[in-house]
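What TrEMBL records for C195-C204 is disulfide bond. Here TrEMBL flags 165-205, 317-356 as domain 'EGF-like'.
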Amino acid sequence: MPSIYRSPAWEKMALRPPRGLVPGLFWGLSLFFSLPGPVWLQPSPAPQSSPPTEPHPCHTCRGLVDNFNKGLERTIRDNFGGGNTAWEEEKLSKYKDSETRLVEVLENVCSKSDFECHRLLELSEELVESWWFHKQKEAPDLFQWLCSDSLKLCCPSGTFGPSCLPCPGGAEKPCGGYGHCEGEGTRGGSGHCDCQAGYGGEACGQCGLGYFEAERNTSHLVCSACFGPCARCSGPEESNCLQCKKGWALHHLKCIDIDECGTERANCGADQFCVNTEGSYECRDCAKACLGCMGAGPGRCKKCSPGYQQVGSKCLDVDECETEVCPGENERCENTEGSYRCVCAEGYKQIEGICVKEHIPVETRMQRNEEPCPGPHGKQAAELGAEFRQAGWYA
């Protein structure tokens, strides 16, 4: 029988599988594992950042079958639906299991951008054809026949892994109904239960940290939150605590905040001070004036930093310019917080580490009403500047 489905990427393939279900099955599986594998079969390099998660092949197979079933509904609805009933029934019986209908369904079973679906359909084409023409009556569930029994990509609901083992809590109610079984329904996964908030234990059959059993029977468990700092409790009240969270201490069935700053539990740096918070503490930087401190501000210093001096209860900045003299010619002292610096005096600028007198253009000097530059035209320039000022050209 001629090939029914060919995607663009496979149009040039000349290989033809052997006839028959069993040979075709082994041929398809051997080809499937010999070709360059899809993303979900190839070893992944160490990720630079979080790459998008590729679908498990079981999910790809399930999507293929779902679209196949939708195609079956569509082809019947579009081709029949009114008119001569006897004629339709006769035509329908011929069309129902025809190659024409199969081709129409397969044409739309994968979206153009779904590469994994196209690859899987290519590799399982002979199996789909075999099911369509020979296996429908004895195996009406295509998903079970193709994805689970033939390709062995999926497991029944409530099971996981290569051997389809039951999830914790049992296949009927995996993770007690209060969590998700990792890998459920596929031939992969660890089977570990990812429990809902408030639930814990291997099969989510216990209340998690900070929750208590509000209600329990043979099939039902309700976990409610403890009072804020309680890690274990017998009820929702503040006085129902049995164990406290970190940073709290149990006292008469109540959780009392531990002041880490008053104990040796705090671990702050030499130039930091401790601030207690509920259940924890913070380390904050001392003021710049302090070498070590007991709190915020220059009044809580243990010792003053260089450039500061004790004045009363505070460490205040020392004005070094009262005692220090800048050694360079034409320099002046400028006080800074905790220190000082030498800068060029007014009218001077630093060039190669030396303060030299700035050259002021004639126009600027005339604006400042300064003496004109020496030279044969100095007097003329001054007189001209005076006229400009009188005319209001200069402020």
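Every residue, even glycine, has its Cβ placed from backbone N, Cα and C.
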Including all protein chains displayed, how many Cβ atoms other than that of C204 (disulfide bond) lie within 10 Å of its Cβ?
26
In the predicted model, what is the mean pLDDT computed over the domain 'EGF-like' (165-205)?
95
If you run through the domain 'EGF-like' (317-356) with DSSP, how many residues end up as helix, strand and coil?
3 helix, 20 strand, 17 coil
